[in-house]
There are 2 protein chains.
Amino acid sequence: MKRSGILFVISAPSGAGKTSLCRRIVDIFPDMRHSVSFTTRPKRDGETDGIDYHFVSQDCFDTMVADGAFAEWARVHGNCYGTALATLQEARDQGRDVLLDIDCQGAAQLKRSCPDGVFIFILPPTFEELERRLRGRNTDTPEVIGRRLANARREMRELVWYDYLVVNDDLSRASEELKGIILAEGCRTGRTRDSVVQQFGIDKQEF
Amino acid sequence: MKRSGILFVISAPSGAGKTSLCRRIVDIFPDMRHSVSFTTRPKRDGETDGIDYHFVSQDCFDTMVADGAFAEWARVHGNCYGTALATLQEARDQGRDVLLDIDCQGAAQLKRSCPDGVFIFILPPTFEELERRLRGRNTDTPEVIGRRLANARREMRELVWYDYLVVNDDLSRASEELKGIILAEGCRTGRTRDSVVQQFGIDKQEF
């Protein structure tokens, strides 16, 4: 059945495993467009410009903000992150689903501008496990880790307005749930009704 | 995460493949309780009492109706079908999800009494394919087939109020979608929020 593209927005505290989960989803759904955010934060080892993020200078980012180029943007841990309007528009024009992994501030902005988007919050199994994962990553200073943990506690309070909660205690199980959410949302009556009615030649007057 | 059991209600025109799909779902989710309906219709070859249906006499059915033993019941193609209240209550007490495959009349009754149930409509790929499947079954007279087809057309108008539409053009794909819906509904924030809040020791006052 043909239907229009769906915007899937995924948020999670750092260390909840959002990046690994999103990679799996893009593997499972090759037609899914994974939106690459713009950021001013420094590139980490192993990251690639244009794949993990579009790494840009603060000047460049500020110009894009001034030009109204972002569907949402936010400052997190002192760095700026934003989703280009053009990315969303392009996917919508192609009728493709879009996967966006962004923080709660950005997600809250999108919730207002795209209320028919699907908002998913990924949780670590426990706070203790989150701390263990962040410390094990060896990419951040203790100060940054402390800030991320405090931020995680604050972000957890946002989970109430998300549509779905996925606890990432096991990557396979969490991937299955995320895959399930994507398949299920594609079957929602509100999204497929018109094409079904057309396909079966049901007269709309009959409803 | 512990959450309360969910009622999944599946309807479909005869021949849409509901029975095969429900069997797959019970295989995938062994904890899922497949509710067995009561019916006055004659047993078909290969059907087992207590597994496919509880086959009862019209007298017995009428007594159950009079006793208020049904959560829903309906007369379809001249036969009566009903879901015992006790079945739903038992599963709810055990915190287990329940799968109910019932016709649109019964589903509409349940939609009123269990508004937090999940209502799924299975569609055949086309009307032509539905007719082919019904004729190929060799279990019904041409009159019964004609009645089932007319009924299918009428039932298709009910799809608008279901939560999800699954087109059964390919059994594997349709099973995946149904599995996805079941997993996704288990992740809905409204169903899991309280246990997450408890698990993470988040003060409810913080929301």
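Each residue, glycine too, has its Cβ placed from N, Cα and C.
Caution: TrEMBL annotation is automatic and unverified by curators.
In the three-state DSSP assignment, the secondary structure recorded for B:A16 (ATP binding site) is coil. Residues annotated as ATP binding site in TrEMBL: B:A12, B:P13, B:S14, B:G15, B:A16, B:G17, B:K18, B:T19.
The domain 'Guanylate kinase-like' annotation in TrEMBL covers B:5-183.
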Given the ATP site residues B:A12, B:P13, B:S14, B:G15, B:A16, B:G17, B:K18, B:T19, which other residues of that chain have a Cβ within 8 Å of the mean position of their Cβ atoms, reported in sequence order?
B:I122, B:P124, B:L130, B:N168
Count the other Cβ atoms sitting within 10 Å of the Cβ of B:A12 (ATP binding site), across every protein chain shown.
27
Can you give the mean pLDDT for the domain 'Guanylate kinase-like' (B:5-183), rounded to a whole number?
90
